[in-house]
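What TrEMBL says about this one:
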- 12-34: transmembrane segment (TRANSMEM)
- 103-124: transmembrane segment (TRANSMEM)
- 130-148: transmembrane segment (TRANSMEM)
- 189-214: transmembrane segment (TRANSMEM)
- 221-241: transmembrane segment (TRANSMEM)
- 253-272: transmembrane segment (TRANSMEM)
- 279-299: transmembrane segment (TRANSMEM)
- 337-357: transmembrane segment (TRANSMEM)
- 369-402: transmembrane segment (TRANSMEM)
- 422-440: transmembrane segment (TRANSMEM)
Amino acid sequence: MRGDLGDFLRRYLLAFAMVAVLLLLTHAGAIAAWRLPDPDDALRLVELRDWLGGQGWYDVTQHRIDPMHGGVAMHWSRLVDLPLAGVVLALRPMFGAAVAESAAMLIVPMLTLAIILLLLARVAWERLGAEASTLCALVLAMSVPVVMQVRPLRIDHHGWQIVAAVLAMNGLMTRHARAGGWLSGGAMALGLAISVEGLPLTALFGALGAWRWLRGGETRLWLVHFAAALAVVSVACFVAIRWGDVAQHCDAIAPVHLAVFACGAAGLWLMARMGWRGFALIAGFALLGGAMLALYLGVAPQCRAGSFNMLDPLVRQMWYEGVPEGLPIWKQDWTTALQIAVPPLAGLLACFGLMRVSQGEELVWWREYALLLGGALVIALALARAGAVAGAYAAVPLAWMVQQGLAGLRKGPLLQRLARGLGLVLALMPSAPIALYGLLPAQKLSAAPVLARSVADCRVAQGAAILAQQKRGVVLAPLDLGPDLLLATHHSVMATGHHRGAQAIHDNLLAFISPPDQARQVMRAYGVTYVALCPALATAQNYAAGGLAQSLISGRAPAWLEPLPSVSGEGLSVWRVKPE
């Protein structure tokens, strides 16, 4: 380690405090108004309340979503509920449930930030020195994809996915094959238990392990230990959080995944025992990979269409393709696309610079890091929300780039120093010219369809307070509003934007776009007793002309709907379905 542990901890704590205070200050308005960043954060809090209120550990069904048909069995992981529950249970006896929940929604995101920063700072400290470890924190604070997942009130699972990915990267740095492999494999198993979206990154770590094996050296058997840890910890997580659910899901770790991991671990152990090298080792990798793929597709052929194979064309067009974080980079606006792609690309350039000044083991390590960062960037190009992992990985080499750039600012002609400074700013915050000066409005450049505005743009609280006074019922509302209504009221909702309720999502959309008489027939099948709509949401504006939603927005509610008192303007409007 460069320097003593005390110096490292002092630098780390100072850097973390600076970043945490910055995030709390910049999000003070949202905290004061209690505007949750995303509907998933609201539903996560609902899930936590249900569990602490007596719902079973293994029961992750949302019983207030589509209650007429038994609720929606969520694919979410209980692991993410644990830190939230820890804070709530610790504080609730002293301060009450409301204060305890509020504290959890501030403490847990800061905890994920603290862990991510600690793991990245450790790598920067070991490989680049003390100054770089501090700069790493500042670079991370400028990574929009990362900050979006660890900001205050953000309690969904994405922050913990970043933690798992960065912990796995730390396993690559460990010089002992067994310890490093088990650390990386265990971390990825935990990440997969949280979200199966980590499978491509897991495969990337496997590919790096295969390259190590082919290259030889002390860490050549890292992959064997990685695969063993992945299999063992995945089984442990499955037993701990999904025991009894033996369906072959495509959107969560299922028995088929456990079988594939076990097959890979056993095959790699056998190859290590046989001492295969060279062409035999390459052939072994190919055969084992083919066997694992055949096992997966043979046992779960439905997964060939991906995790969202249950979505029909209407749901894909009107809901799924309007969720930007789940789309590739070329379907993002320019601001988002630049923030996802440019910092990791700059990080790759920094890796190449580090290779030029390194030799021996350091050179090999930076080559591996470049492969890891490059692979993470490719994944992010295909799935925008994966940009947070690429952004976190980029922080370490970018810290070195900033260190070199700051040194260069102290010498040379003025124009050259200005150019260097501008280059650093654009590498870290490539969308700054767009965001700060409005020279290139993203909405005019993007060829993508206009996406829905945030639920935060709708004053849900006032309308929800009125709705909460009404007799318990089922609410038809735009998909993104559903979780907030579940959180603020005792009512159920017809559907939310969560794909396992695909049929309810379809019928929810159908009710809003259909003429009022047809919409009533759809609503009857779900026992709908209230309709809630927020004109501020672009989703409401995008519904078909002549449909129920447009009739309500234009003030032409059908006779079978009775308006409830509501706030004027863009707030939540509510109607009661009159008894037939």
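The chain as shown is numbered from 1 upward.
Keep in mind that glycine also has a Cβ here, set from the backbone N, Cα and C atoms.
Sequence-distant contacts of the transmembrane segment (12-34) (same chain, six or more residues past either end, CB-CB distance under 8 Å): 102, 106, 110, 113-114, 117-118, 121, 133-134, 136-138, 140-141, 147, 150-153, 456. Counting same-chain residues at least six beyond the ends of the transmembrane segment (130-148), those with a Cβ under 8 angstroms from any Cβ of the stretch are 2-3, 7-8, 11-12, 14-16, 18-19, 22-23, 37, 116-117, 120-122, 124, 154, 162, 339-340, 343, 380, 385, 387-388, 390-392, 394-396, 398-400, 402-403, 428-429, 431. Only residues 6 or more beyond the boundaries of the transmembrane segment (103-124), in the same chain, are considered here, and those with a CB under 8 A from a CB of the stretch are 8, 11-12, 15-16, 19-20, 23-24, 31, 36, 41, 45, 83-84, 87-88, 91, 95, 132-137, 140, 146, 149-155, 159-160, 162-163, 166-167, 169-170, 173, 392, 395-396, 399-400. Highest Cβ pair count under 8 Å relative to the transmembrane segment (253-272), across stretches 189-214, 279-299, 337-357, 369-402: 279-299.
Long-range contacts of the transmembrane segment (369-402) within the same chain, counting only residues at least 6 positions beyond its ends with a Cβ under 8 Å from a Cβ of the stretch, are 116, 120, 123-124, 127-128, 132-133, 135-136, 138-140, 143-146, 148-149, 158, 161-162, 165-166, 169, 172, 197, 200-201, 204-205, 207-208, 211, 324-329, 332, 336, 339-341, 343-355, 424, 427-428.
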